[in-house]
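*Asks:* Submitted below is the structure of interest, expressed as structure tokens.
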Amino acid sequence: FCCPFIRYCCW
């Protein structure tokens with residue numbers, strides 16, 4: 001999952 005508007009937020 002990656003946040004749509006935050007860059008380094010994938011896990």
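The backbone N, Cα and C atoms fix where each Cβ goes, and this holds for glycine too.
Annotation source Swiss-Prot lists disulfide bond at Cys2-Cys9, Cys3-Cys10, citing experimental evidence.
Help me see these features in their spatial surroundings.
*Replies:* Of all Cβ atoms in the protein chains displayed, 10 besides its own lie within 10 Å of the Cβ of Cys9 (disulfide bond).
Taking a C-beta cut-off of under 8 angstroms and a sequence separation of 6 or more, Cys10 (disulfide bond) has the following same-chain neighbours: Phe1, Cys2, Cys3. In the three-state DSSP scheme, Cys10 (disulfide bond) is classed as coil.
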